Structure formats: structure tokens, C-alpha cells
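As recorded in TrEMBL:
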TRANSMEM  16-41  transmembrane segment
TRANSMEM  47-72  transmembrane segment
TRANSMEM  84-108  transmembrane segment
TRANSMEM  138-159  transmembrane segment
TRANSMEM  166-191  transmembrane segment
TRANSMEM  203-225  transmembrane segment
Amino acid sequence: MNRVTTVMKMYSKDHILWFLAPWCFVLLPSFLINVLVGYLLQPERGYFSGGLVSIFIYLLVLGIVAVTQTFPFAFGISIRRTDYYFGTNLMLLLSSVTVATIVMLMSISESSITQSLGVNFHFFSLPYLTDGNLFEQWWTYFGTAIHLCSLGFVIAMFFRRYGRMGMFILFPVMLVIFSIFSYLCTYYNWWGSIFTWIGSHSAAQLASCLFALAVFYSLLSFIMIRRTTIA
């Protein structure tokens with residue numbers, strides 16, 4: 001547990017990457033741009049922004065960058081693979097909890113914020129995502145956040161395990177798989193059933209599916225980190 005804490009402290013020393021960038025360099029500029037757009041457009045019924053997605057994209061990037069920056073250094077100071085794995089996952093978990101909590105609180109207070117700014121738009125409080133009680137809203141944001149963090153982590157571990165050649169092979173293979181899947185959905189008219197299934201579930205229920213994928217990504221990461229060499 002001591003080494004796991006060491007890994008977390010190692011990450012927390014990068015204040016810009018973990019604490020400053022997601023809020024000051026990503027979410028705040030996106031919010032201010034939408035405030036400006038709101039002033040310029042002045043829609044009667046307001047408008048719904050997709051700018052919130054920026055913070056979740058950042059979490060995907062965070063999962064990738066955090067590993068690529070710290071992996072060789074961690075093993076250079078004799079951090080065990082399992083300690084590095086658990087320390088990294090705990091940091092990503094804390095980041096996801098923080099993002100989900102702050103976004104949920106902002107969605108609750110958004111109307112008073114936008115009214116004070118004199119702009120009628122929705123940045124945090126979005127239809128479908130904010131359906132349900134407060135826990136369901138929080139779970140929607142958390143499930144999405146931890147999924148993207150874990151996806152970034154597994155991508156980074158795949159790169160560490162198989163290198164550039166592995167990445168060059170992976171993405172064309174994934175493209176072929178998705179192309180075949182898309183063709184089959186079109187040929188057999190599955191798209192309607194797929195969208196009907198998605199529409200029949202709440203955002204919180206879909207977030208549970210994303211959480212299950214995050215667990216799967218974490219298992220893959222654990223398998224790869226045990227077989228990864230330090231280059």
C-alpha cells in the first residue's frame with residue numbers, strides 16, 4: 001500500500017496535468033466560448049451546448065498521457081508493476097469521481113449562473129443526461145468518465161506492450177471490424193433495433209454498461225502491464 005501511495009503522489013506532483021488543465025485550460029474556455037455564442041445569438045428558447053464533452057475527452061487523453069510520462073520513471077525507482085497499476089487506477093478513479101461530482105453540482109446551479117450572466121443556454125444541464133435523481137445523474141457522469149480514463153489507460157498499456165508496430169496493426173484491424181459491423185447492421189436493418197434499444201434505456205443505465213467496459217479495460221491493462229518490458 002505504501003508503494004501505491006507513492007505512485008499517487010508521483011502523479012499529484014504534476015499539478016497542471018491533473019488539477020489545472022482540465023478546468024482552466026479545457027472546461028473554462030469551452031464554457032466562456034459558449035457564453036459568447038449565447039450573447040451573439042440570443043435565442044428565445046435558449047440553446048444546448050455540447051461543450052461539456054471537452055472535459056470527458058480530456059480524461060481520455062489523461063489516461064494515455066499519464067502512463068506514457070510516468071511508466072519508465074516509476075520502474076526506475078523500483079515501483080512494482082502491481083503497485084503502479086493500482087496507483088494509476090486509483091488516481092483515475094479519483095479524477096472521475098471529482099469530475100462527476102463537480103459537473104453534477106454545476107448542472108444543479110446552472111440556471112442561476114446563466115441568469116446572472118444574462119445568457120440563456122444549457123452547458124451542464126442537458127436533457128436525457130440529467131434525467132433521474134441526483135445519484136443517477138452523478139452515475140451517468142462517473143460511468144462516462146471512468147470509461148474514458150480506463151480506455152486511455154489500456155491504449156497506453158497496449159502501446160507500452162506492443163510498441164508502434166502494434167498500434168499500426170491495431171487501428172486498421174479495429175477499422176475493419178467496425179466497417180464489417182456497420183455493413184452488417186445496414187444489410188440486415190439492425191440500426192433501428194439498436195437505436196430503439198438505446199432509447200429504451202436511461203443515461204444512467206447506459207453508464208452502467210460503460211462502467212462494465214471500464215472494468216474490462218482495467219483487466220486488459222493488468223494483463224499487459226505484467227508482460228510489459230521497460231524500454
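Backbone N, Cα and C atoms are what each Cβ position is placed from, and that goes for glycine too.
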Exercise. Okay, the transmembrane segment (138-159) and the transmembrane segment (47-72): do they have at least three CB pairs under 8 Å, pairs separated by 6 or more?
Worked result: yes
Exercise. For the transmembrane segment (138-159), which stretch among 16-41, 84-108, 166-191 has the most Cβ pairs under 8 A?
Worked result: 84-108
